[in-house]
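Undergrad: Checked TrEMBL, it gives:
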DOMAIN    26-175  domain 'APS kinase'
BINDING   Gly33, Leu34, Ser35, Gly36, Ser37, Gly38, Lys39, Ser40  ATP binding site
ACT_SITE  Ser107  active site, phosphoserine intermediate
Amino acid sequence: MQRQNIFHQSFEVTKEQRQALHGHKSYILWFTGLSGSGKSTIANIIERKLHELGISTYILDGDNLREGLNQNLGFSQEDRKENIRRTGELAKLFVDSGIVVITTLISPYAEDRKEIRKRVAKGEFIEIYVKCPLEVCEKRDTKGLYKKARKGELTNMTGISAPYEVPETPEIVIETSQYSSEECGQEIINYLKINDYLTY
Ligand SMILES: Nc1ncnc2c1ncn2[C@@H]1O[C@H](COP(=O)(O)OS(=O)(=O)O)[C@@H](OP(=O)(O)O)[C@H]1O
Ligand SMILES: Nc1ncnc2c1ncn2[C@@H]1O[C@H](COP(=O)(O)OP(=O)(O)O)[C@@H](O)[C@H]1O
């Protein structure tokens with residue numbers, strides 16, 4: 001990899017100026033959790049609520065990114081690492097553009113999530129652990145993936161044949177087997193309000 005002839009370019013308009021134009025801060029709402037835990041459902045609710053509050057948002061969804069930007073990646077530990085790294089870099093660019101970016105990747109490895117936290121300024125990485133027991137996710141099985149994994153038709157399935165490392169100190173934990181999706185969404189909005197994330 002040739003990095004020695006690369007020169008970082010700076011431009012006149014700053015992240016802070018873009019944030020001021022939008023009228024709010026920009027940051028990453030990084031959802032992490034098992035397949036079927038509720039990441040996409042809650043992200044959808046959050047985006048709607050933020051949109052109604054006049055906040056500019058964008059969702060980076062794991063499945064959707066794998067259709068394009070990350071289409072050459074599978075589900076080995078190495079590929080997941082690259083998947084998270086690329087998505088983290090993309091999310092960082094969204095933050096620089098002044099937009100609130102919501103990511104909904106399983107992101108099962110603690111180290112990969114920590115790397116992204118290190119790449120952005122303090123307070124710009126809000127880790128949201130979507131907590132839900134494997135048995136509940138498996139019962140939901142909205143995509144039929146757990147069934148396939150149990151039958152041996154799908155390898156490296158998170159929670160079954162690949163690990164999920166629970167976040168140690170996430171900013172927010174939501175329990176989707178205990179509370180309704182609206183209640184979980186509201187909990188995140190409350191966190192953002194209390195911690196002054198909804199204004200500039
Ligand atoms: N083996 C295996 N394990 C887990 N998930 C699988 C697998 N194969 C396909 N899928 C589908 O891919 C979605 C997860 O992709 P991600 O990019 O979020 O995964 S990761 O963060 O790189 O671990 C995941 O989406 P969610 O169910 O929304 O989590 C599935 O739709
Ligand atoms: N409290 C809840 N929060 C989120 N999803 C819930 C909840 N209760 C039931 N569900 C259901 O669980 C499923 C979660 O699927 P999804 O949001 O696609 O999960 P993920 O993106 O983590 O794979 C959806 O069918 C949703 O309707």
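Using the three backbone atoms N, Cα and C, a Cβ is placed for every residue, glycine included.
Where the annotation comes from TrEMBL, it is an automatic prediction and has not been curated.
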Undergrad: Around the ATP site formed by Gly33, Leu34, Ser35, Gly36, Ser37, Gly38, Lys39, Ser40, which additional residues qualify by having Cβ within 8 Å of the site's Cβ center?
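TA: These residues sit around the ATP site: Ile106, Val130, Cys132, Cys137, Thr176.
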Undergrad: Where Lys39 (ATP binding site) and the residue listed as 'active site, phosphoserine intermediate' are concerned, what is their Cα separation in Å, rounded?
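TA: Spelling it out, the Cα of Lys39 (ATP binding site) and the Cα of the residue listed as 'active site, phosphoserine intermediate' are 11 Å apart.
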Undergrad: Using DSSP, tally how many residues of the domain 'APS kinase' (26-175) sit in helix, strand and coil.
TA: 62 helix, 28 strand, 60 coil
Undergrad: Please report the Cα separation of Gly38 (ATP binding site) and Ser107 (active site, phosphoserine intermediate) in Å, rounded to an integer.
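TA: That separation, Cα to Cα, works out to 14 Å.
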Undergrad: List those of the recorded positions Gly36, Ser37, Ser40, Ser107 whose Cβ lies under 6 Å from any atom of ligand 2, in sequence order, or write none if there are none.
TA: Gly36, Ser37, Ser40
Undergrad: Select the most exposed residue of Ser35, Ser37, where exposure means the fewest other Cβ atoms within 10 Å, treating these as the binding-site residues.
TA: Ser35
Undergrad: Starting from the Cβ of Gly33 (ATP binding site), draw a 10 Å sphere and report how many other Cβ atoms land inside it.
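TA: Taking all protein chains shown, Gly33 (ATP binding site) has 28 Cβ neighbours within 10 Å.
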Undergrad: Please check each of the binding-site residues Leu34, Ser37, Gly38 and report the ones with a CB atom less than 6 Å from an atom of ligand 1, ordered along the sequence.
TA: none
